[in-house]
Amino acid sequence: MVLILDNDLKPLYFTLAIISASFLVKRAYQSTNIYDFFNIKKKCNPFPQSQSELVDLLHYQKRMVLNKTIVETLKFVDRKLFLENKNVENPYYDEPKPIGYNATISAPHMHALMLDLLADRIPMSNGVALDIGSGSGYVTACLGHLMGCTGRVIGVEHIPELIERSIESIKRLDSTLLDRIQFLVGDGIKGWKQLKYDIIYLGAAIESLQVARELIDQLKNGGRIVMPVGKSNDFHELMVVDKNEDGIVSIKSLGVVRFVPLTSKENQLNPKNKPNATKVTNINGEKTLIRCEIIPAPDSNSNNNIKEFENLINKK
């Protein structure tokens, strides 16, 4: 069969061909491999036994991470190296793990989701990132890998022992990352005012947008914060805070999550406080209850509160 094109329609066909080719090129660039390109679901181990299997599960099945650069980084930064007990059972399961000092390392799907949300704000070079409540150092290491050799990452943590352990974990992973990573002992709520940041990651829940204002002030124009927001014993909202090139702030809530609270060192080390997770965890063969209680639903006026805060912070 021979297809004869109407001369009047040739420009249209040519334009459509260019658009189709552009779509395929873009799809190929965004795809990590043939499974993404053709939108084929890859079979994944639901009980991952390695970092690679874990990231495949998050990427192909749970679809918590889509950006290919984030996928590559998550495969490079081995979660097991950052756990308190290197012999912990099921280190690659998608669940939070205790790391001591009443702190936890978040579930892998939360790391994946939050880093994915930051992906398009990571500069090609000379970027600066801030990791608040760096804890195990896992996300700090991921940010160090993502920012590249010209970038800089600041991790703020108020438990010195966790910082020491983070440094040792990164040394085992890739000691050259420490050339661009700096850990500081301090109160993460205040950030670190000596720098302005392209991206800010909060690994614990900040009480309110008002409390987060100091962090928003430290964001560069064109930058982004991803953070859980809410009171310590509530569910939290995962929020994305963007500052455009003119310095105008916009905020979006992406839904309900549950994190440990961003709190003082004294409160965190108080033996009456428990990690803010809601599940039974198997630790060294012994099942341990890590808090289980009825929690109020998030504020139904959330969108109104966000709009009010946007108006306040953008007021000239």
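A Cβ is built for glycine as well, from the same backbone N, Cα and C atoms used for every other residue.
If you check Swiss-Prot, you get these features:
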- A103, T104, I105, S106, H111, S136, E157, H158, D187, G188, T263, Q268: S-adenosyl-L-homocysteine binding site (BINDING)
- S106: active site (ACT_SITE)
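Structural mapping of features recorded in Swiss-Prot.
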| residue | record | Cβ contacts under 8 Å, 6 or more apart |
| --- | --- | --- |
| I105 | S-adenosyl-L-homocysteine binding site | R79, F82, L83, P96, K97, I99, G135, S136, Y138 |
| S106 | active site | P96, G203, F259 |
| H111 | S-adenosyl-L-homocysteine binding site | L74, Y138, V139, C142 |
| E157 | S-adenosyl-L-homocysteine binding site | G133, S134, G135, I163, S166, F183, L184, V185, G186, G188 |
| D187 | S-adenosyl-L-homocysteine binding site | V156, H158, S264 |
| T263 | S-adenosyl-L-homocysteine binding site | A204, S232 |
Self-check item: Where S106 (active site) falls in three-state DSSP terms
Solution: coil
Quiz item: Which number gives the other C-beta atoms within 10 angstroms of the C-beta of A103 (S-adenosyl-L-homocysteine binding site), all protein chains shown included?
Solution: 20
